[in-house]
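What follows is a set of notes on a single structure, which appears directly below.
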Amino acid sequence: MLNKHQFNKMKNENNKIAMITAYDYPSAKMAEEAQADMILIGDSLGMTVLGYDSTIPVTLEDMIHHGKAVKRGAPDTFKVIDMPFMSYHISMEDSLKNAMKLYQETEAQALKLEGSGEVVGTMERLVHAGIPVVGHIGLTPQSVNVLGGYKVQGKDKDTANQLLEDALQIEAAGAMALVLECVPRQLAELITSKLTIPTIGIGAGADCDGQVLVYHDILKYGVERLPKFVKPYYDSNKALGDAVKTYVQEVKDGSFPEEKHTFTMDRDSLPEK
Ligand code: KIV
Ligand code: NA
């Protein structure tokens, strides 16, 4: 398993960090077998596996449940897990307790928190307590209703400057990496060059130190529309959908099961009646 120093070294040597989300045992196993450098147990699981239309309904218990499954599928990969909506905002005491529970029960290697401002103080306390932290700025889906939709962030001088300031503060708070979501590549490049910690981009261009995408998006698995920044590497909806349809059809028309799927015995051993 890679560690914080090795991720910094990758940044310095321009070796890209490949990160992918995972939410359960099979996706985690696949990510580990593919030698992903980092796995994100993202609260995007609210959409990808729980069917909500945002990350807002996701609870700490949901994250723990999925985090444990990912740990079993990818025991040897560095795992980052999201603190869910409002689990790090109510009070410092609640935030620290929630962080401790998530960190201890899932055995992930780091926690990810969205946002800046007051959240930076919480990040500092977590790092001080010994919990590695990853930041996440730009489009922060837990604040989608404040941002007014899933849109590119930081396109003008003021917001670009704010994002750079936020990035520097997050680094100063002791974060080990920073996710940049949906920001123009020029801004992501600038932030990446100003930070000593790695940036992991999603919709932030090729100049970030690493990339992260959602497992279900790259496989087109259960998702219909994909954002511009996603490259689909497979069409699971079609491939798996066809397989399931064929199974249902074959049961209905009697062509499944065949002899080779069937156990047999001597008729003599059957009960008399
Ligand atoms: O939850 C998630 O999948 C994320 C990534 C999109 C960065 O936070
Ligand atoms: Na997330």
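Every residue gets a Cβ built from N, Cα and C, even glycine.
Under DSSP, GLU181 (active site, proton acceptor) is assigned to a strand (E or B) in the three-state scheme. If you look up TrEMBL, you'll see GLU181 marked as active site, proton acceptor.
The Cβ of ASP43 (Mg(2+) binding site) lies under 8 Å from the Cβ of THR55, VAL58, MET63, ASP82, PRO84, PHE85, PRO141, GLN142, each on the same chain and at least six residues away in sequence. Under the DSSP three-state reduction, ASP43 (Mg(2+) binding site) is assigned to coil, being neither helix nor strand. The Mg(2+) binding site feature in TrEMBL is assigned to ASP43, ASP82, GLU114.
Look at TrEMBL and you will find ASP43, SER44, ASP82, LYS112 tagged as 3-methyl-2-oxobutanoate binding site.
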Around the Cβ of LYS112 (3-methyl-2-oxobutanoate binding site), other Cβ atoms within 10 Å, all chains included, total 23
Apart from the site residues ASP43, SER44, ASP82, LYS112, the 8 Å Cβ neighbourhood of the 3-methyl-2-oxobutanoate centroid comprises THR21, LEU40, ILE41, GLY42, LEU45, THR55, VAL58, MET63, ILE81, MET83, PRO84, GLU114, HIS136
Whole-number Å distance separating the Cα atoms of GLU181 (active site, proton acceptor) and SER44 (3-methyl-2-oxobutanoate binding site) is 13
Cβ density check for GLU114 (Mg(2+) binding site), other Cβ within 10 Å (all protein chains) comes to 23
